[in-house]
Amino acid sequence: MPKRDDIQTILVVGSGPIIIGQAAEFDYAGTQACLALKEEGYRVILVNSNPATIMTDKEIADKVYIEPLTHDFIARIIRKEQPDALLPTLGGQTGLNMAIQLHDSGVLEANNVKLLGTELESIQQAEDREMFRTLMNDLNVPVPESDIVNTVEQAFEFKEQVGYPLIVRPAFTMGGTGGGICHNDAELKEVVSNGLHYSPATQCLIEKSIAGYKEIEYEVMRDKNDNAIVVCNMENIDPVGIHTGDSIVVAPSQTLSDVEYQMLRDVSLKVIRALGIEGGCNVQLALDPHSLNYYIIEVNPRVSRSSALASKATGYPIAKLAAKIAVGLTLDEMLNPITGTSYAAFEPTLDYVISKIPRFPFDKFEKGERELGTQMKATGEVMAIGRTYEESLLKAIRSLEYGVHHLGLPNGESYELDYIKERIGHQDDERLFFIGEAIRRGTSLEELHNMTKIDYFFLNKFQNIIDIEHELKNHQGDLEYLKYAKDYGFSDKVIAHRWDMEEKDIYELRMSQNIKPVYKMVDTCAAEFESTTPYYYGTYEDENESIVTDKEKILVLGSGPIRIGQGVEFDYATVHAVWAIQNAGYEAIIVNNNPETVSTDFSISDKLYFEPLTEEDVMNIINLEQPKGVVVQFGGQTAINLADKLAQHGVKILGTSLEDLNRAEDRKEFEALLREISVPQPQGKTATSPKEALKNAREIGYPVVVRPSYVLGGRAMEIVDNDQELENYMTQAVKASPEHPVLVDRYLTGKEIEVDAISDGETVVIPGIMEHIERAGVHSGDSIAVYPPQTLTQDEINTLEDYTIKLAKGLNIKGLINIQFVIAHDGVYVLEVNPRSSRTVPFLSKITDIQMAQLAMRAIMGETLAEMGYKQGIQPYSEGVYVKAPVFSFNKLKNVDITLGPEMKSTGEVMGKDLTLEKALYKGLTGSGFEVKDHGTVLMTVSDKDKDEIVKIAHRLNEIGYKILATRGTAQKLKDHNIPVEVVGKIGGEDDLLTRIQNGEVQIVINTMTKGKEIERDGFQIRRTTVENGVPCLTSLDTASALTNVIESMTFTMRNV
């Protein structure tokens, strides 16, 4: 069938900021789709609010709008651009919900915009729980016993019929937002009221829990001629009851008989045909482990996290082909880009095993609720490929960067068996490692199966890993056992531990005996057809399929799984670096392990190695490829942390030298450099023990900022006000030692400024300076950043420029550098320097049209910035005002305090741009999910030190017409200044302020931290209540003041004459 010629211009809706449940997989899908549509000759217009994506680069679409993904803003773009069609199925849940809103409001019809891909009725039939259930009943496809409710009372009526446990699934949400498993009345009430709040349709499905069934997924494609195929089927190792995004997944499924596989395949294809889906679709099924009974759980009528995984697992580009199906092409006329010879209608076959393990944020949020259920909590994931299940699992484990390298915890032997079993009984993020620990202690697989309902197949594989450990222990130095352990994915580190040797001894032994991995190709067809893809994984077999060319090569280290503090911004820089390497005529090689990202799309680099980012795995690739050098500055802390280890093997680190990287990180050397170049920093000292930290803090004077050296995202960083708080920090948050010192710095309050620069060793180019709205003390990743700076004097700007050039030259930077400054009452101080790409690089690149990562890579390869046409110093400003606003995922993480401080907590970001600061801020806040209203009620409860400042904000909000509620102390302060205020009661008393929030009487809460950081504090309860009820809560008065500016600019003040 020829493609559609009745449309020329297509609007693609992206998925917006990265949140838990909707991450980089949509950047990958959206990028593929836009390029595929352009390839077919269509004009593509993209709208997305996330600047940290490749898809929002100018080259990806004909026109790119970085605007909030709300009905009003997209409607404006439709009226301006007059597209012929809208493609909503590549923007995650956000894209689908936007399509439904634009259709329901009549905007699509009024502007003659057609929907491409799956019909709206089909989307609604799959997403609306009631319609879906009806269709399944018509098809005789079993669904769990369930009911649709719009109120909490209806949920309790259903509970009377079927009893507990129950699963709650809100309609039209993703990542299980608002849902959960309920075992009693209190949980049912909380989860259903939450779910109704988060569902755009105020609708929840309540179903009888089938927790314990196997969870199986089929990733399917269908075109308009009813050709339908299964791209990949996947099995969750965790049974039904844990969200698939939080489950350990294996592909292809390992425990299904042929009868079961074909039965579920037939059902999946039957459902996708009945729904009339055109494009990609994900079908989730539950299978009774003891019979052929099954249920269908849900269908996602769009490209999803699972389809990104299926694409990387098989090499079959689902999003690209889904976009082409949407414009009328069919599976039997499109070639599979991997083989270049077989058609897309051939189902992929795999001759390897894929393991996916989620990456959770609990290393950041140690007090967070770790137990897993139907609401997703992982921020990212890793994937590994092996010839055996054990090999792929162990490779995935060491890709996580949790400090775990194997099936066990670092100090696992110190736990009591009772504690281990108790932890296995809770479904949490560490259960896999505790199972390994239990098997080591001799716990039977039967007992483990009864506790976890994990299939015996997987438990036997875990047992096999532990058996190999014992064999290694009993055969120290035996090469046969070394080879055997390598076949099953054991790392040198783990073997060394079993043999009481050093990791480097095992590495050298392997090299001397020629025990090295070979690299196999991922080709979608189990080597049946000739394949041309440069996509490889390592394994210990005989035949190497990765042919080394004689071209000069540069190897780029990716940034691994997405986590708080290291997001898609680093993938963005990695991809741009690769493009620059290719343009310079080198062969570009990527090593990465994240299945969601653009960098692991096989069409980006000349060669892709899907491998763990560890010293051993990277060295194996370097030994084969012999690159000219390795680039570490684009892969975040993951890559930087490998630089030292690789250099010890004689590998050339390209760009800023290892000595200079270490000088930026080492406290004493850095201080010496600052003295030499006359750049001031806040007074600070290094402590290697709690006693020394107390001595330092008293000398410097409180408040002080304390943190471990070498961290990204401000991990374990705190501002402390007295000896007691410092002692708590030193004993609970960190283990200080001479190898791991703790830094104690004077805490300066003032404006925080962030600068990114590029240097070639001679010239330092500064694309722009960003001013933070929140004062120093809030992590830069959680602050609202503004370009160009709005309140700096020319002298301050000149000083920032001067210090940036001195620092870049003093550290001999080749490539990128990111610097944070604070402007205190007595001048500019440097807070920290990162000699690498940063999370603001994509934002600044978009604003200034200076492709920073590409310029940096060109400088690393020896081009000068002068040759590229750049002059030293700050570059001319772009017109307009731009803000980068953080986006948080607190609604997915229970027990996490939302107060902003030096520890980073945001998962993503949006950009707002307009002619004035207030308009840009309005877009930034709106894009981040904050509904800015010109009237309403604000609740204020602030600490004593903030009471003077809150008076000004309250006065301005009162002038606009906002009603003010406040707790007693704050209210008294406002009354003293003649500001009308209503006093609300403390928690637990009469007229409880929490009840006011829960009843929807409050639109904004302003609450600042009172010290005494324990969870019991009232402030914590207030902040969590705002999250559970979807009320914006501001914990920084700077943000509150900025918001007040925005509201003032939208409205009029009312004053009597």
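Note that Cβ sites are derived from N, Cα and C of the backbone, with glycine treated the same way.
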Further binder of ATP 2 named by Swiss-Prot next to ARG707, ARG746, LEU748, GLU752, GLY777, VAL778, HIS779, SER780, GLN820, taken from the candidates GLU692, GLU725, GLU796, GLU832: GLU832
Three-state secondary structure, which DSSP defines for GLN284 (ATP 1 binding site): strand
Among GLU215, GLU298, GLU832, the most crowded of the binding-site residues [Cβ within 10 Å]: GLU215
Fewest other C-beta atoms within 10 angstroms, as judged across ILE242, LEU748, which are the binding-site residues: LEU748
Maximal Cα-Cα distance (Å) across residues annotated as binding ATP 2, namely ARG707, ARG746, LEU748, GLU752, GLY777, VAL778, HIS779, SER780, GLN820, GLU832: 18
Residue distribution over DSSP helix, strand and coil in the region 'Allosteric domain' (930-1057): 57 helix, 19 strand, 52 coil
Subset of binding-site residues (LYS208, GLU215, ILE242, ASN834) lying within 10 A of GLN820 (ATP 2 binding site), CA to CA, in sequence order: ASN834
Listed in sequence order, residues with CB under 8 A of ASN300 (Mg(2+) 2 binding site) and six or more positions away: ALA126, CYS281, ASN282, GLN284, SER306
Summary of DSSP states over the region 'Oligomerization domain' (402-546), given as helix, strand and coil counts: 75 helix, 11 strand, 59 coil
Structural state of GLY777 (ATP 2 binding site), classified by DSSP into three states: coil
